[in-house]
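All remarks here apply to the structure that follows.
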Amino acid sequence: TWEECCKNPGCRNNHVDRCRGQV
């Protein structure tokens, strides 16, 4: 899930815009 991805520094760094869009 995006939530799990955003919790992962490496994954989040690759999807910063997506993670910032997820509240």
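Cβ atoms here come from the backbone N, Cα and C positions, even for glycine.
Feature annotations, reproduced from Swiss-Prot:
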DISULFID  Cys5-Cys11  disulfide bond
DISULFID  Cys6-Cys19  disulfide bond
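In the three-state DSSP classification, Cys19 (disulfide bond) falls within a helix. For the pair Cys19 (disulfide bond) and Cys5 (disulfide bond), the Cα-Cα distance reads 8 Å. Using a 10 Å radius centred on the Cβ of Cys5 (disulfide bond) and all shown protein chains, the other Cβ atoms total 15.
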